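According to Swiss-Prot:
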DOMAIN    7-186  domain 'KARI N-terminal Rossmann'
ACT_SITE  His112  active site
BINDING   Asp195, Glu231, Glu235  Mg(2+) 2 binding site
BINDING   Ser256  substrate binding site
Amino acid sequence: MSDELTTTVYYDEDADVSTINDETVAVLGYGSQGHAHALNLHESGVDVIVGLRQDSSSWADAEDAGLRVETPDVAAGEADRVVMLVPDTIQPAVYEAIEDELDAGDTLQFAHGFNIHYGQIEPPEDVDVTMVAPKSPGHLVRRTYERGEGTPGLIAVYQDATGNAKQESLAYAKGIGCTRAGVIETSFQEEVETDLFGEQAVLCGGVTEMVKAGFETLVDAGYAPEMAYFECLNELKLIVDLMYEGGHMGMWNSVSDTAEYGGLTRGEEVIDREGMEKILEEVQNGEFAREWINENQANRPAYKQYRDAEQNHQIEAVGENLRELFAWGEDADAETTEAPADD
(Lines of atoms letter the chains of each structure in order from A and count residues from 1; the text may use other names and numbers.)
(Lines give C-alpha, C1' and ligand atoms only; values in the text may rest on other atoms or scores of the structure.)
Protein backbone atom coordinates (compact mmCIF):
# COMPACT_ATOMS: atom_id res chain seq x y z
CA MET A 1 0.00 0.00 0.00
CA SER A 2 1.39 3.39 -0.98
CA ASP A 3 1.98 5.88 1.80
CA GLU A 4 2.21 8.84 -0.58
CA LEU A 5 -0.22 11.71 -0.02
CA THR A 6 -2.92 12.13 -2.63
CA THR A 7 -3.47 15.79 -1.72
CA THR A 8 -1.20 18.83 -1.60
CA VAL A 9 -0.20 20.21 1.80
CA TYR A 10 1.06 23.79 2.20
CA TYR A 11 3.11 25.29 5.02
CA ASP A 12 4.39 28.70 6.13
CA GLU A 13 7.05 28.82 3.41
CA ASP A 14 4.34 28.43 0.76
CA ALA A 15 2.37 31.52 1.81
CA ASP A 16 2.97 35.24 2.25
CA VAL A 17 0.63 37.26 4.48
CA SER A 18 1.76 40.46 2.76
CA THR A 19 -0.30 39.28 -0.23
CA ILE A 20 -3.41 40.45 1.66
CA ASN A 21 -1.86 43.22 3.77
CA ASP A 22 -3.26 45.84 1.42
CA GLU A 23 -6.77 44.42 1.82
CA THR A 24 -9.49 45.21 4.30
CA VAL A 25 -11.03 41.98 5.56
CA ALA A 26 -14.60 41.94 6.86
CA VAL A 27 -15.12 39.03 9.25
CA LEU A 28 -18.87 38.52 9.56
CA GLY A 29 -19.53 36.89 12.92
CA TYR A 30 -17.62 36.90 16.21
CA GLY A 31 -18.37 33.51 17.68
CA SER A 32 -16.20 30.40 17.80
CA GLN A 33 -14.41 30.86 14.46
CA GLY A 34 -15.11 34.55 13.97
CA HIS A 35 -13.27 35.81 17.03
CA ALA A 36 -10.27 33.58 16.29
CA HIS A 37 -9.99 34.65 12.64
CA ALA A 38 -10.43 38.33 13.43
CA LEU A 39 -7.90 38.44 16.28
CA ASN A 40 -5.31 36.26 14.57
CA LEU A 41 -5.51 38.29 11.34
CA HIS A 42 -5.32 41.54 13.29
CA GLU A 43 -2.17 40.36 15.07
CA SER A 44 -0.74 39.25 11.71
CA GLY A 45 -0.96 42.83 10.45
CA VAL A 46 -4.15 42.55 8.41
CA ASP A 47 -6.76 45.34 8.46
CA VAL A 48 -9.88 43.73 9.96
CA ILE A 49 -13.46 44.91 10.41
CA VAL A 50 -15.90 42.71 12.32
CA GLY A 51 -19.44 42.69 10.94
CA LEU A 52 -22.22 42.20 13.50
CA ARG A 53 -25.87 43.06 14.03
CA GLN A 54 -26.28 46.27 15.98
CA ASP A 55 -27.93 44.37 18.82
CA SER A 56 -25.29 41.64 18.91
CA SER A 57 -24.06 40.66 22.36
CA SER A 58 -20.59 40.25 20.83
CA TRP A 59 -20.26 43.86 19.67
CA ALA A 60 -18.71 45.10 22.91
CA ASP A 61 -16.46 42.02 23.15
CA ALA A 62 -14.97 42.69 19.73
CA GLU A 63 -14.44 46.38 20.47
CA ASP A 64 -12.86 45.54 23.83
CA ALA A 65 -10.42 43.31 21.95
CA GLY A 66 -9.31 46.33 19.92
CA LEU A 67 -11.24 45.54 16.76
CA ARG A 68 -13.37 47.87 14.69
CA VAL A 69 -17.01 46.76 14.49
CA GLU A 70 -19.66 47.73 11.95
CA THR A 71 -22.93 46.26 10.71
CA PRO A 72 -22.42 43.55 8.05
CA ASP A 73 -23.39 45.78 5.12
CA VAL A 74 -21.07 48.59 6.18
CA ALA A 75 -18.21 46.16 6.86
CA ALA A 76 -18.69 44.46 3.49
CA GLY A 77 -18.87 47.80 1.70
CA GLU A 78 -15.45 48.80 3.00
CA ALA A 79 -13.84 45.40 2.55
CA ASP A 80 -11.99 43.69 -0.27
CA ARG A 81 -12.54 40.28 1.33
CA VAL A 82 -15.80 39.28 3.02
CA VAL A 83 -15.52 36.22 5.26
CA MET A 84 -18.77 34.43 6.13
CA LEU A 85 -18.36 33.09 9.67
CA VAL A 86 -21.98 33.17 10.77
CA PRO A 87 -23.89 29.85 11.03
CA ASP A 88 -24.77 28.10 7.77
CA THR A 89 -28.48 28.52 8.42
CA ILE A 90 -28.37 32.33 8.45
CA GLN A 91 -25.70 32.86 5.79
CA PRO A 92 -28.19 33.24 2.91
CA ALA A 93 -29.98 36.07 4.74
CA VAL A 94 -26.68 37.75 5.63
CA TYR A 95 -25.50 37.40 2.03
CA GLU A 96 -28.70 39.02 0.78
CA ALA A 97 -27.93 42.00 3.03
CA ILE A 98 -24.37 42.42 1.74
CA GLU A 99 -24.40 41.19 -1.86
CA ASP A 100 -24.78 44.69 -3.33
CA GLU A 101 -21.58 45.69 -1.52
CA LEU A 102 -19.45 43.19 -3.46
CA ASP A 103 -17.37 44.81 -6.20
CA ALA A 104 -15.60 43.15 -9.10
CA GLY A 105 -12.34 41.64 -7.86
CA ASP A 106 -13.52 41.25 -4.27
CA THR A 107 -13.40 37.90 -2.48
CA LEU A 108 -16.30 36.11 -0.83
CA GLN A 109 -14.81 33.57 1.56
CA PHE A 110 -16.30 30.73 3.60
CA ALA A 111 -15.15 28.25 6.25
CA HIS A 112 -17.66 25.63 5.09
CA GLY A 113 -19.02 25.13 1.59
CA PHE A 114 -22.62 24.14 2.35
CA ASN A 115 -24.40 27.19 0.94
CA ILE A 116 -22.27 27.43 -2.19
CA HIS A 117 -22.35 23.72 -2.97
CA TYR A 118 -26.10 23.41 -2.46
CA GLY A 119 -26.96 26.64 -4.27
CA GLN A 120 -28.25 28.69 -1.35
CA ILE A 121 -25.81 31.47 -2.20
CA GLU A 122 -25.02 32.36 -5.83
CA PRO A 123 -22.23 34.96 -6.02
CA PRO A 124 -21.60 37.15 -9.08
CA GLU A 125 -19.09 35.84 -11.61
CA ASP A 126 -16.64 38.72 -11.15
CA VAL A 127 -15.64 37.92 -7.54
CA ASP A 128 -13.37 35.23 -6.14
CA VAL A 129 -15.16 32.58 -4.07
CA THR A 130 -12.86 30.71 -1.72
CA MET A 131 -12.71 28.68 1.45
CA VAL A 132 -10.26 28.70 4.35
CA ALA A 133 -11.39 26.20 6.96
CA PRO A 134 -9.45 25.41 10.14
CA LYS A 135 -10.08 21.81 11.16
CA SER A 136 -10.46 22.77 14.78
CA PRO A 137 -12.84 24.68 17.07
CA GLY A 138 -12.25 28.41 17.14
CA HIS A 139 -10.88 28.56 20.67
CA LEU A 140 -8.07 26.20 19.64
CA VAL A 141 -7.38 28.22 16.48
CA ARG A 142 -6.86 31.20 18.77
CA ARG A 143 -5.02 29.40 21.58
CA THR A 144 -2.51 27.66 19.31
CA TYR A 145 -1.85 30.89 17.40
CA GLU A 146 -1.02 32.67 20.65
CA ARG A 147 1.46 29.89 21.46
CA GLY A 148 3.20 30.33 18.12
CA GLU A 149 1.63 27.15 16.78
CA GLY A 150 -1.40 26.48 14.59
CA THR A 151 -4.16 24.08 13.66
CA PRO A 152 -4.43 22.18 10.36
CA GLY A 153 -6.78 23.66 7.80
CA LEU A 154 -8.24 23.41 4.31
CA ILE A 155 -8.28 25.78 1.37
CA ALA A 156 -10.47 25.59 -1.71
CA VAL A 157 -11.20 27.80 -4.70
CA TYR A 158 -14.71 27.68 -6.15
CA GLN A 159 -14.37 30.69 -8.44
CA ASP A 160 -11.15 32.46 -9.43
CA ALA A 161 -12.13 35.71 -11.11
CA THR A 162 -8.84 37.50 -10.36
CA GLY A 163 -6.36 34.69 -10.90
CA ASN A 164 -5.04 35.26 -7.37
CA ALA A 165 -7.58 33.30 -5.35
CA LYS A 166 -5.33 30.42 -4.32
CA GLN A 167 -2.33 32.47 -3.22
CA GLU A 168 -4.53 34.88 -1.30
CA SER A 169 -6.30 31.97 0.39
CA LEU A 170 -2.91 30.63 1.48
CA ALA A 171 -2.00 34.09 2.76
CA TYR A 172 -5.20 34.20 4.80
CA ALA A 173 -4.54 30.69 6.13
CA LYS A 174 -1.10 31.84 7.23
CA GLY A 175 -2.60 34.92 8.83
CA ILE A 176 -4.74 32.78 11.13
CA GLY A 177 -1.93 30.30 11.84
CA CYS A 178 -3.03 27.27 9.83
CA THR A 179 0.06 27.01 7.62
CA ARG A 180 2.15 26.49 10.75
CA ALA A 181 0.51 23.07 11.05
CA GLY A 182 -0.29 22.39 7.39
CA VAL A 183 -3.07 23.26 4.96
CA ILE A 184 -4.64 20.77 2.56
CA GLU A 185 -6.00 21.86 -0.82
CA THR A 186 -9.48 20.50 -1.55
CA SER A 187 -12.69 21.51 -3.36
CA PHE A 188 -15.99 22.88 -2.08
CA GLN A 189 -17.75 19.67 -3.06
CA GLU A 190 -15.24 17.40 -1.37
CA GLU A 191 -15.14 19.48 1.81
CA VAL A 192 -18.91 19.63 2.15
CA GLU A 193 -19.64 16.00 1.37
CA THR A 194 -16.87 14.51 3.51
CA ASP A 195 -17.62 16.91 6.37
CA LEU A 196 -21.34 16.14 6.46
CA PHE A 197 -20.76 12.41 6.12
CA GLY A 198 -18.15 12.42 8.88
CA GLU A 199 -20.42 14.36 11.22
CA GLN A 200 -23.44 12.17 10.60
CA ALA A 201 -21.97 8.68 10.27
CA VAL A 202 -19.00 8.88 12.61
CA LEU A 203 -18.12 11.92 14.70
CA CYS A 204 -21.45 13.24 15.93
CA GLY A 205 -24.16 10.80 14.89
CA GLY A 206 -22.41 7.45 14.77
CA VAL A 207 -20.42 7.82 17.98
CA THR A 208 -23.27 9.14 20.10
CA GLU A 209 -25.68 6.45 18.95
CA MET A 210 -23.06 3.75 19.54
CA VAL A 211 -22.39 5.08 23.05
CA LYS A 212 -26.10 5.25 23.88
CA ALA A 213 -26.75 1.77 22.49
CA GLY A 214 -23.86 0.32 24.49
CA PHE A 215 -25.00 2.10 27.65
CA GLU A 216 -28.59 0.90 27.19
CA THR A 217 -27.48 -2.68 26.50
CA LEU A 218 -25.57 -2.85 29.78
CA VAL A 219 -28.24 -1.09 31.86
CA ASP A 220 -31.02 -3.26 30.39
CA ALA A 221 -28.96 -6.32 31.34
CA GLY A 222 -28.90 -5.18 34.97
CA TYR A 223 -25.52 -3.49 35.26
CA ALA A 224 -25.10 -0.27 37.23
CA PRO A 225 -25.67 2.84 35.07
CA GLU A 226 -22.49 4.35 36.50
CA MET A 227 -20.43 1.36 35.33
CA ALA A 228 -22.11 1.51 31.93
CA TYR A 229 -21.26 5.21 31.67
CA PHE A 230 -17.59 4.66 32.47
CA GLU A 231 -17.22 1.75 30.06
CA CYS A 232 -19.14 3.21 27.13
CA LEU A 233 -18.63 6.98 27.37
CA ASN A 234 -15.94 8.10 29.79
CA GLU A 235 -13.25 5.75 28.49
CA LEU A 236 -14.00 6.76 24.91
CA LYS A 237 -11.83 9.85 25.33
CA LEU A 238 -8.85 7.73 26.37
CA ILE A 239 -9.17 5.57 23.25
CA VAL A 240 -9.73 8.50 20.89
CA ASP A 241 -6.69 10.31 22.30
CA LEU A 242 -4.55 7.24 21.55
CA MET A 243 -5.94 7.06 18.00
CA TYR A 244 -5.41 10.80 17.52
CA GLU A 245 -1.78 10.53 18.60
CA GLY A 246 -0.79 7.28 16.90
CA GLY A 247 -3.54 6.04 14.60
CA HIS A 248 -5.30 2.72 15.00
CA MET A 249 -2.05 0.85 15.59
CA GLY A 250 -0.99 3.35 18.23
CA MET A 251 -4.20 2.53 20.05
CA TRP A 252 -3.96 -1.25 19.58
CA ASN A 253 -0.38 -1.17 20.85
CA SER A 254 -1.51 0.64 24.01
CA VAL A 255 -4.46 -1.51 25.09
CA SER A 256 -4.40 -5.04 26.47
CA ASP A 257 -4.18 -8.07 24.20
CA THR A 258 -7.63 -9.06 25.40
CA ALA A 259 -9.07 -5.68 24.42
CA GLU A 260 -7.31 -5.81 21.06
CA TYR A 261 -8.50 -9.31 20.17
CA GLY A 262 -12.06 -8.58 21.30
CA GLY A 263 -12.15 -5.35 19.34
CA LEU A 264 -10.69 -6.86 16.18
CA THR A 265 -13.04 -9.85 16.17
CA ARG A 266 -16.27 -8.17 17.35
CA GLY A 267 -16.05 -4.56 16.22
CA GLU A 268 -17.42 -5.11 12.72
CA GLU A 269 -20.60 -6.60 14.15
CA VAL A 270 -21.81 -3.16 15.27
CA ILE A 271 -21.11 -1.41 11.94
CA ASP A 272 -23.85 -1.03 9.33
CA ARG A 273 -22.05 -0.25 6.08
CA GLU A 274 -25.29 -0.13 4.07
CA GLY A 275 -26.52 2.54 6.47
CA MET A 276 -23.30 4.49 5.99
CA GLU A 277 -23.63 4.29 2.21
CA LYS A 278 -27.20 5.57 2.45
CA ILE A 279 -26.06 8.53 4.54
CA LEU A 280 -23.37 9.36 1.99
CA GLU A 281 -25.83 9.07 -0.89
CA GLU A 282 -28.23 11.51 0.82
CA VAL A 283 -25.36 13.96 1.27
CA GLN A 284 -24.24 13.60 -2.34
CA ASN A 285 -27.68 13.91 -3.95
CA GLY A 286 -28.72 16.87 -1.79
CA GLU A 287 -31.48 15.07 0.10
CA PHE A 288 -29.99 15.91 3.50
CA ALA A 289 -29.43 19.54 2.49
CA ARG A 290 -33.05 19.92 1.35
CA GLU A 291 -34.30 18.30 4.56
CA TRP A 292 -32.19 20.60 6.74
CA ILE A 293 -33.16 23.73 4.80
CA ASN A 294 -36.87 22.81 5.08
CA GLU A 295 -36.43 22.03 8.78
CA ASN A 296 -35.07 25.51 9.41
CA GLN A 297 -37.81 27.16 7.39
CA ALA A 298 -40.37 25.30 9.54
CA ASN A 299 -38.71 26.58 12.76
CA ARG A 300 -36.95 23.27 13.51
CA PRO A 301 -39.74 21.09 14.98
CA ALA A 302 -37.94 17.75 14.51
CA TYR A 303 -34.61 19.22 15.59
CA LYS A 304 -36.13 20.36 18.88
CA GLN A 305 -37.68 16.95 19.50
CA TYR A 306 -34.37 15.18 18.92
CA ARG A 307 -32.56 17.60 21.25
CA ASP A 308 -35.16 17.12 23.97
CA ALA A 309 -34.81 13.35 23.69
CA GLU A 310 -31.03 13.62 24.02
CA GLN A 311 -31.32 15.92 27.03
CA ASN A 312 -33.71 13.53 28.78
CA HIS A 313 -31.73 10.34 28.12
CA GLN A 314 -30.56 8.55 31.26
CA ILE A 315 -26.93 8.80 30.21
CA GLU A 316 -27.09 12.60 30.58
CA ALA A 317 -28.24 12.48 34.20
CA VAL A 318 -25.72 9.77 35.10
CA GLY A 319 -22.90 11.70 33.44
CA GLU A 320 -23.82 14.97 35.12
CA ASN A 321 -23.80 13.30 38.54
CA LEU A 322 -20.46 11.58 37.93
CA ARG A 323 -18.78 14.72 36.59
CA GLU A 324 -19.69 16.49 39.84
CA LEU A 325 -17.91 13.76 41.81
CA PHE A 326 -14.66 13.62 39.84
CA ALA A 327 -12.09 16.33 39.11
CA TRP A 328 -12.00 15.60 35.37
CA GLY A 329 -15.64 16.70 35.12
CA GLU A 330 -14.80 20.34 35.81
CA ASP A 331 -12.33 20.50 32.91
CA ALA A 332 -14.73 18.73 30.56
CA ASP A 333 -17.65 21.02 31.36
CA ALA A 334 -15.46 24.11 31.02
CA GLU A 335 -14.24 22.98 27.60
CA THR A 336 -17.78 22.72 26.25
CA THR A 337 -18.49 26.37 27.06
CA GLU A 338 -15.49 27.85 25.25
CA ALA A 339 -16.90 27.83 21.73
CA PRO A 340 -20.10 29.89 21.41
CA ALA A 341 -22.07 29.93 18.19
CA ASP A 342 -21.03 32.62 15.74
CA ASP A 343 -23.14 35.74 16.19
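Numbers here mean position along the shown chain, with the first residue as 1.
Any Cβ shown, glycine's included, is placed from N, Cα and C.
Annotated features, which come from Swiss-Prot, shown on the structure.
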residue: His112; record: active site; DSSP class: coil
residue: Asp195; record: Mg(2+) 2 binding site; DSSP class: helix
residue: Glu231; record: Mg(2+) 2 binding site; DSSP class: helix
residue: Ser256; record: substrate binding site; DSSP class: coil
Determine the Cβ neighbour count for Ser256 (substrate binding site): the number of other Cβ atoms within 10 Å of its Cβ. 8
Among Glu231, Glu235, Ser256, these being the binding-site residues, pick the one whose CA is nearest to that of His112 (active site). Glu235
Could you give the mean pLDDT over the domain 'KARI N-terminal Rossmann' (7-186), rounded to a whole number? 98
Which of these binding-site residues has the least crowded Cβ, counting other Cβ atoms within 10 Å: Asp195, Glu231, Glu235? Glu235
Here the 10 Å Cβ neighbour count for the residue listed as 'active site' comes out at 21
Between Glu235 (Mg(2+) 2 binding site) and Ser256 (substrate binding site), how far is it from one CA atom to the other, in Å? 14
Could you give the Cα-Cα distance between Glu231 (Mg(2+) 2 binding site) and the residue listed as 'substrate binding site', in whole Å? 15
